[in-house]
Amino acid sequence: MPEDKNGRLEYQAQSPDESALVSAARNFGFVFKHRTPNTITIEIKGKIEEYELLSILDFNNVRKRMSVIVRRNNKILLLCKGADNVIYDRLGPDQIELKARTQEHLNKFAGEGLRTLVLAERYLDDEFFSGWRQRQQEAALSMDGREDKLGAIYEEIECDMMLVGVTAIEDKLQDGVPQTIANLQMAGIKIWVLTGDKQETAINIGYSCQLLTDELVDVFVVDGVTLDEVEQQLRKFKESIKIINTFHPGGVYHNNIATANGGNSSTVTIENLRHNAAPPAISVVTFSAECDQIFDGGEKGATGASTTATDIEENTGFAIVINGHSLVHCLSPELEDRFLDVASNCKAVICCRVTPLQKAMVIELIKRAKNAVTLAIGDGANDVSMIKAAHIGVGISGQEGMQAVLASDYSIAQFRYLERLLLVHGRWSYYRMCKFLRYFFYKNFAFTLCHFWFAFFCGFSAQTVFDPMFISVYNLFYTSLPVLALGVFEQDVSDKNSLEYPKLYTPGLTNALFNTTEFIRSVLHGIFSSLVLFLIPYGTYKDGVSPEGYVLSDHMLLGSVVATILIIDNTAQIALDTSYWTVFNHIMVWGSVVTYFVLDYFYNYVIGGPYVGSLTQAMKEPTFWFTTLISVLMLMVPVMAFRFYFVDVYPSLSDKVRLKQRMAQIRSRQSTDVLRTPSARRARRSLRSGYAFAHQEGFGRLITSGKIMRKLPQDFAFPLGLGSSRKQHSINHQDSLNHSNNSHKHQQQVHLPGSSNGGDASPRAPCQDLDTINL
C-alpha cells in the first residue's frame, strides 16, 4: 500500500522483498501510485494507467507463487511471480531459447547469493475467465476440502504462461553472523540451515557465513527426485564418509604457531588432501579431544617444558546440501534413519527449497530420533512452524515482520546476539541451576539424616532432635536466601571470557555439572555431614557437666547445639561455593547466620518457646565453642582439600579461565596503584579512534575471481582438494599482527585451549588470504 508522507511516497508491504521490488520499479519510472479494493493505479514515464483488479491468487507454501488478474482496455491479463522451478513448469511452448538464457541469468544471480523470482504473464479471453471465476467462487464457498479445490482451480488458469523476466534481490548478511556461527560450532553446537532459497543461493550463503569452508573434505549434494535416487546418493555418501574416516588419505602437516604468551607453541594437525601441496591458508579448528586431554596439554605447557606441542587432529569434516524435493523422501520412514546417520557425520547441513512444514518436520525428526535439545531461530512468518516445533524458539525482529517474534520464547534484534544469549546467559543459567541443585540436596540430606541418627538413641520413638519451630523455618528463613542469591548472581567467569572461550559451553551439552554421579556425590556429602553434625556433639555432651555443676546432657541443649552447627556449616558451604560475590550475596549469606540467632532469641524469650535458655546456656561454656570449631573443621577441611586437589592437579577449562581472570584483576589493581602526574594525564591522548577496529583488504579479487560462483561436483569424487594451493603465508602475517597487538598488553598471558581468539586456527581471527576469506 502506498502512502504519501510529506510529499514522499512510501510503501507498506507484506515482505521486504515486495517493498524492494516496488521501490526499484519506482526508481526506473514505473511508480505504484494508488490502490483501492478494486483498482490499481500506476504511473509509467509520467503517464497514468489504471487497472481493474479482478482476482488475487494468494501465495502459500505449497504453490510457491502468487498471481493477480487485472483488466485494462477490455483485455484480461494474469500476472504471476514465484520460484523458478514452479514457474518454469507452467510456461507455454516455444520458449526454449528464452528459458535457457533466463536460466543462465538465474544461475548467475544465485551464484552471487541473490534471492530470485521469475515473472510470467498470460492473456485470458472473457468467456474462459467468466467460467473460471464461477468455479473459483464455488470452490471458495465449499465447506469440505476448500484448499485442495482452490489449488486445483488455480492450476487451471496458471498454465501456458509467457516468461517475462526475473528479479534478483540482495539478502544482506547481518553483521557478526560468521563469527557467531564459528563460535557456536566451536562450543559444540550442531547448526542446520533450513531455507527456502535456491541451491546455489543457499550454498553461497553457507560460504559467506563460514558454515561451509574450503577446508571441508567434501560437500555432498542430495538432489534426487525419486526415492531410489535419494537412497542411492545417501548410501554413496555414507560409504565415502566411512572410507575417509577409516584411512585418512594424504599426509599430515604439522604447523607450529606461536601462542599469545609468546613462549609456547601449539601444533595443529591438518590433513593434507592434496599430495605435494601446501595446506589451506586458514582453518577452523574443531577440538575433538576430550576435556582431560586438553587440560593435560595445558598443564604440560604451564610446567615450563622446553617444547610443548599439543597435537590436535583437525576434523575438517563434511557438509551436505539437500533440496526440498529430496528432503521429502529423506523424511519418509524408509530413509529417515539413513538420512540422520549421514547428516550426523557432517559438520554442516543445509536444506534448501524447503517449505515451512518441512522445517517443522526436520525439527520433529531430530527431537524424536536424536533425543537432542533443539533451538530454532528465524525472522519471518515462514519460520513460525519451525520455531513452535523446537524446544526453544528465538525470533529476530527485523524487516520480515513480527510473526516470528510473537511465536518465539526469546526475541533478539540481530542474529549475532544469539552468541551472547547462549554462551553467556544460557551457560550462566545452567551453571547456577546446577550449583543450586547440588547445594539444595546437600543441605537437606545433612538436615534430615540427623533425625535418623538420633533415632538409634531414642528407641525410634519419633522424637525429633531439633525444635519443631526450627524444622518449620529451616528451609524458609535460614537457608533459602543464600541459595537464592547463588542462583541469581553466581558466575564462574565474566561475560567477556565466556565469549572469548566458547569451549566453556561444552559441559552443558554433556550434563557434566549435574548428573547421577553429582547427585550421588551430594547425597554422600550430606550423609557424612549429618554423621559429624550429630555424633560429635552427642559424644561431647553425653554425661556432660559444666564447671558450675549444671547437667549438660539434656535433649533440648543437644538439639540447640546441633542446629547451630548445622546453620554455620551451611553458611560456610554456600560461601565456599560462591565464586562471584555481590552486596546481595554478603547480606543474604552472613545475614542468615544473624537471622538464626535473632529468631531463636525472639521465639524462645519473647514468644516463649519450649527451648528457652538452651542455646544461651550452651554458649556460656567453652565446650560449645570447641565443639563447634572441631565440627566445622571436620566438615570443611575435607571439602577444601578435595577441591584444591582437583583444581591444582586436574583443572577444568573454567578453572584455568578463572585463574587468568584473577591474575588480570591483580595486575589491574597493581597498575592503578601507580599514580600519574596531572601533566601526564593532560598529555595523554584519547584511546578512541574514528577508524574501524579491523582494517582488512576488500573483496575485489574474490568477486572477480568467480570462486564463490563455482558449481559443486554432483558426482562423488574422492578425495576432493578444496584447499588453497598457495603457501600458508597468512600464518606469518597473523603472527606479526599478534606481536603488534601484544605490545599494548602485558607480556605474560595465559594461553588456554578452547579460546576463540587464541591463534590463527581460530574462527575469530580471520585470515587475509582472499581465496579463503571469512566473510
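Using N, Cα and C of the backbone, Cβ positions are placed for all residues, glycine too.
As annotated by TrEMBL, ATP binding site applies to GLU18, PHE59, LYS81, ARG115, THR195, GLY196, ASP197, ARG353, LYS359, ASN382, ASP383. For LYS81 (ATP binding site), the count of additional Cβ atoms within 10 Å of its Cβ stands at 20 [all protein chains shown].
Around the Cβ of ASP379 (Mg(2+) binding site), the number of neighbouring Cβ atoms within 10 Å comes to 23. According to TrEMBL, the feature Mg(2+) binding site maps to ASP379, ASP383.
Feature annotation from TrEMBL assigns compositional bias 'Polar residues' to 731-741.
Summarising the annotation, TrEMBL assigns domain 'P-type ATPase C-terminal' to 405-651.
The region 'Disordered' annotation in TrEMBL covers 727-775.
Within its own chain, the transmembrane segment (440-462) is flanked in space by residues 474-475, 479, 483, 519, 522-523, 525-527, 529-531, 533-535, 538, 562, 566, 569-570, 573, which lie at least six positions past its ends and keep a Cβ under 8 Å from the stretch. Marked as transmembrane segment by TrEMBL: 440-462 (among others).
Within its own chain, the transmembrane segment (468-489) has Cβ neighbours under 8 Å at 432-433, 435-436, 439-440, 443-444, 447, 559, 563, 567, 570-571, 574, 577-578, 580, 582, 584-585, 588-589, 591-592, 595-596, 599-600, 603, 609, counting only residues six or more beyond its boundaries. Feature annotation from TrEMBL assigns transmembrane segment to 468-489 (among others).
Residues or ranges marked as transmembrane segment in TrEMBL: 519-538 (among others).
TrEMBL lists 550-568 (among others) with the feature transmembrane segment.
Residues or ranges marked as transmembrane segment in TrEMBL: 580-603 (among others).
Summarising the annotation, TrEMBL assigns transmembrane segment to 623-646 (among others). Within its own chain, the transmembrane segment (623-646) is flanked in space by residues 525, 528-529, 532-533, 536-537, 540-541, 544, 546, 552, 561, 564-565, 568-569, 572-573, 576, which lie at least six positions past its ends and keep a Cβ under 8 Å from the stretch.
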*In sequence order, which same-chain residues at least six apart have a C-beta under 8 angstroms from ASP197 (ATP binding site)?*
ALA110, ARG115, ASP171, ILE205, CYS352, ARG353
*Taking only the Cα atoms, work out how far GLU18 (ATP binding site) lies from ASP379 (Mg(2+) binding site), in Å, as a whole number.*
16
_Residue from LYS81, THR195, LYS359 whose C-alpha is spatially nearest that of ASP379 (Mg(2+) binding site), among the binding-site residues_ = THR195
*asked:* With the ATP site defined by the record as GLU18, PHE59, LYS81, ARG115, THR195, GLY196, ASP197, ARG353, LYS359, ASN382, ASP383, how many Å span the farthest pair of C-alpha atoms?
replied: 23
*CB contacts for ASP383 (ATP binding site) [other CB atoms within 10 A, all chains]*: 27
*Including all protein chains shown, what's the count of other C-beta atoms within 10 A of the C-beta of GLU18 (ATP binding site)?*
16
*Which residues does THR195 (ATP binding site) neighbour through Cβ under 8 Å, counting only same-chain ones at least six apart?*
ALA202, ILE205, ILE350, CYS351, CYS352, VAL354
*Within 10 angstroms of the C-beta of LYS359 (ATP binding site), what count of other C-beta atoms is obtained when all protein chains are considered?*
27
